[in-house]
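*Asks:* Quick paste from TrEMBL:
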- 20-36: transmembrane segment (TRANSMEM)
- 123-143: transmembrane segment (TRANSMEM)
- 177-195: transmembrane segment (TRANSMEM)
- 225-245: transmembrane segment (TRANSMEM)
- 257-277: transmembrane segment (TRANSMEM)
- 297-318: transmembrane segment (TRANSMEM)
- 325-343: transmembrane segment (TRANSMEM)
- 363-384: transmembrane segment (TRANSMEM)
- 396-414: transmembrane segment (TRANSMEM)
- 449-471: transmembrane segment (TRANSMEM)
Amino acid sequence: MLKVESSKQWINKLSQVNDWVLLGLWMVIGGVLRFTNLDAKPPWTDEFATMVFSLGNDFRSVPLNQVISLDTLLQPLRVSGDVGIGNVVSLLLQEDNHPPLYFVLVHLWVHLWQDVGEYVDVGVVRSLPALLGILSIPGVYFLGKIAFNSRLIGQISASLMAVSPFGIFLAQEARHYTLSILFVIASLICLILTLRHLYQQSIIPLWLVFSWILVNSLGLSVHYFFVLTLISEVITLAVLIYAKYRNNFSQLSKRNIIRILAAILGTSATGLVWMLLAISHGYGNNMITWIHPLSHILYAISPPLQLLAVWVPMISLLPVESDSIPIVILSGLILLLFFIWLIPYSIRGIKKGLKLNEFRLPLLILMTFIGGVIALFLIITYGVGVDLTRAARYSFTYFPAVIVLVGFSLGILWHEIKQENEQLQAKETINPLILLRKLYDKLNCNGKLAFYAVWLMGFLGAVTVLINLGYQKYYRPEQLISVIEENSSQPVLIATTHKSLVQVGEMMGIGLELKKVSNPPKPPFLKVDTPKPPFLKGGNKERENPEFLFIHQTQDNDPQSTIKLQETVNNMSKPLEVWAVNFNAEIELNNCTLDTTKYPYIDGYGYKRYICN
């Protein structure tokens with residue numbers, strides 16, 4: 001008898017070891033995917049905001065209404081030794097619309113890897129969210145395991161997170177979303193444990209109350225929209241407490257009521273502090289106007305479609321942003337056929353779980369929570385007039401719950417093996433509809449095969465993001481530099497209008513690409529000079545790089561912007577090429593000719609070329 005018990009213990013320990021090894025494998029796969037081509041894509045304006053504010057520098061140091069050099073434009077991206085954490089916090093509260101915790105971490109992270117005086121390295125700044133993204137893999141493992149008391153569901157959830165295209169997209173941005181995801185996971189674990197105590201009519205431990213308050217407070221210190229997660233958790237608490245105790249509220253322990261209220265009030269106190277700080281410093285500073293809806297009839301249907309466009313790449317994505325129309329059509333068709341199978345299959349798994357007592361509560365928690373956040377998105381969008389659905393990244397507020405819910409549906413059907421439709425499988429045909437039905441039949445009859453198919457589609461989606469055929473950056477400065485390089489033969493002035501730090505970030509993207517062109521990395525043994533584009537040639541070193549001009553304006557099409565550009569160009573030596581980039585005003589230049597060549601469209605940059613002699 002003792003031998004049998006010791007044998008069972010040994011098998012259990014071996015199973016746990018294999019569990020950790022498998023989790024480590026998902027983390028390795030997820031890590032490789034998140035660090036592949038990490039610095040290949042150019043940063044966009046929000047990433048520049050992260051870099052500049054984390055360094056304790058200020059966009060206001062970039063001069064306006066005067067011609068500046070490339071070095072002056074990029075000066076805020078230099079690592080400074082005279083700036084501390086206090087400077088970062090105070091500057092952020094004055095100039096940006098985000099709480100400071102993540103920016104402080106980036107400040108410490110950059111100083112750990114880079115020397116004073118260097119330009120901040122995009123790869124270094126992005127490596128922190130990539131690492132945090134890797135941590136989300138064990139995070140959803142524990143969320144799935146704790147919620148459903150199943151290591152299998154935890155492992156499947158971890159495997160899906162490892163290859164999630166949406167997760168990789170967020171992990172490769174120099175932003176705070178992967179850190180927020182960790183706090184969403186931790187807060188959901190606290191919610192599930194709390195409701196489990198309530199449904200078992202046991203006392204909620206104090207350590208859980210204080211842990212929940214701490215997690216929620218830290219989450220609010222990373223991103224204000226974490227409040228959407230918290231509101232949905234309160235909704236979930238209220239709905240499920242009512243469902244449990246609606247016939248006899250006297251059974252609800254007063255101690256538990258007090259502890260739930262303590263968690264809510266403790267979290268609200270932190271939220272109130274951040275809200276007062278945000279309001280007192282003017283939340284937004286004209287930087288969130290882009291999420292206001294457009295006033296056209298399609299607006300009524302676009303938010304649900306935009307939400308759908310976020311849900312799909314949480315699981316899979318194919319090259320829908322390819323330049324090849326046939327590839328886009330084929331990718332869209334494959335994704336459509338995949339989700340036509342996956343959605344009913346997942347619903348089948350969830351329905352099966354709802355019939356089992358051990359799974360019903362965590363399923364209700366996750367589904368109510370996800371529905372609550374989505375409802376808040378739509379209420380804010382339609383009711384307040386601020387379209388949160390336009391920003392895919394804001395779905396970090398419920399993303400881990402979706403992964404675990406899909407992981408559950410695959411996990412509960414893992415061991416399911418059904419008899420295939422023999423008549424269907426026996427048909428020998430090349431009819432694509434019959435072949436598709438055969439494939440669906442095989443997937444529906446074999447739980448393991450279904451998981452492999454979903455994971456493979458997720459992996460293909462991850463690769464799609466890495467090769468920039470999905471979740472492309474909003475700005476493509478490398479393409480603009482290529483156009484300027486191929487067509488310019490004279491000194492170049494890049495002019496734009498300025499309203500906020502957004503425009504500075506747009507030009508910084510161009511500036512960093514120019515740095516790459518003028519100073520490409522070379523192995524030590526390579527002695528040959530790299531050929532420079534035409535505008536980098538010449539004896540006058542001050543003219544080696546294009547110069548920049550920010551003309552400040554308070555409204556679009558301000559005639560003063562037109563006049564200021566005229567005056568500036570008139571005072572510059574000729575010949576000269578003026579490239580007006582994202583210039584929101586009329587352009588009238590004396591002795592300058594508009595180049596009527598049809599140049600290619602470039603994401604994020606509208607531009608015109610003027611030749612001045």
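Backbone N, Cα and C atoms are what each Cβ position is placed from, and that goes for glycine too.
Provide an account of the burial state, proximal residues and distances for the features listed.
*Replies:* Below 8 angstroms of C-beta separation, residues 127, 130, 133-134, 137-138, 141, 155, 158-159, 161-163, 167-168, 171-172, 462, 466 of the same chain, each at least six residues beyond the ends of the transmembrane segment (20-36), sit close to that stretch.
Outside the transmembrane segment (123-143), and at least 6 residues removed from its termini, the chain residues within Cβ reach (under 8 Å) are 23, 26-27, 30-31, 34-35, 38-39, 47, 50-51, 54, 105-106, 109-110, 113-114, 154-155, 157-158, 160-162, 167-168, 170-179, 181-182, 185-186, 188-189, 192, 400, 403-404, 407.
Remote same-chain partners of the transmembrane segment (177-195), defined as residues 6 or more beyond its termini with a Cβ less than 8 Å from a stretch Cβ, comprise 101-102, 105, 129-130, 132-133, 135-136, 139-140, 142-143, 146-147, 167, 170-171, 204, 208, 211-212, 215-216, 218-219, 222-223, 226, 229-230, 233, 236-237, 240-241, 260, 263, 361-362, 365-366, 369, 393, 396-401.
If you look at the transmembrane segment (225-245), the same-chain residues 6 or more away from its ends with a CB under 8 A from one of its CBs are 180, 183-184, 187-188, 191, 194-195, 198-199, 216, 219, 251-252, 260, 264, 267, 271, 361, 364-365, 368-370, 372-373, 376-377, 388, 394, 396-398.
Non-local neighbours of the transmembrane segment (257-277) in the same chain are 93, 99, 194, 203-204, 206, 209, 212-213, 216-217, 220-221, 224, 227, 230, 234, 237; each lies 6+ residues outside the stretch with a CB under 8 Å from one of its CB atoms.
For the transmembrane segment (297-318), the residues of the chain that approach it from at least six positions outside its boundaries are 160, 164-167, 169, 331-332, 334-335, 338-339, 342, 374, 377-378, 381-382, 387, 389-390, 392, 395, 399, 402-403, 406, 454, 457-458, 460-461, 464-465, 470-471, judged by C-beta separation under 8 angstroms.
Under 8 Å from some Cβ of the transmembrane segment (363-384) lie the Cβ atoms of residues 147, 188, 191-192, 195, 228-229, 231-233, 235-236, 239-240, 243, 293, 303-304, 307, 350, 353-354, 394, 397-398, 401-402, 404-405, 408, all in the same chain and six or more residues away from its ends.
Only residues 6 or more beyond the boundaries of the transmembrane segment (449-471), in the same chain, are considered here, and those with a CB under 8 A from a CB of the stretch are 33, 36-37, 40-41, 156, 159-160, 163-166, 168-169, 172, 313, 315-322, 338, 342, 345, 392, 406, 410, 413-414, 442-443.
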*Asks:* Short question: which residues 6 or more past the ends of the transmembrane segment (396-414) have a Cβ under 8 Å from it?
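*Replies:* Same-chain contacts beyond the flanks: 136, 139-140, 143-144, 147-148, 150, 152-154, 156-157, 159-161, 164, 166-167, 170, 177, 180-181, 184-185, 188, 223, 225-226, 228-229, 232, 311, 314-315, 345-350, 352-353, 359, 362-363, 366-367, 369-370, 373-374, 447-448, 450-451, 454.
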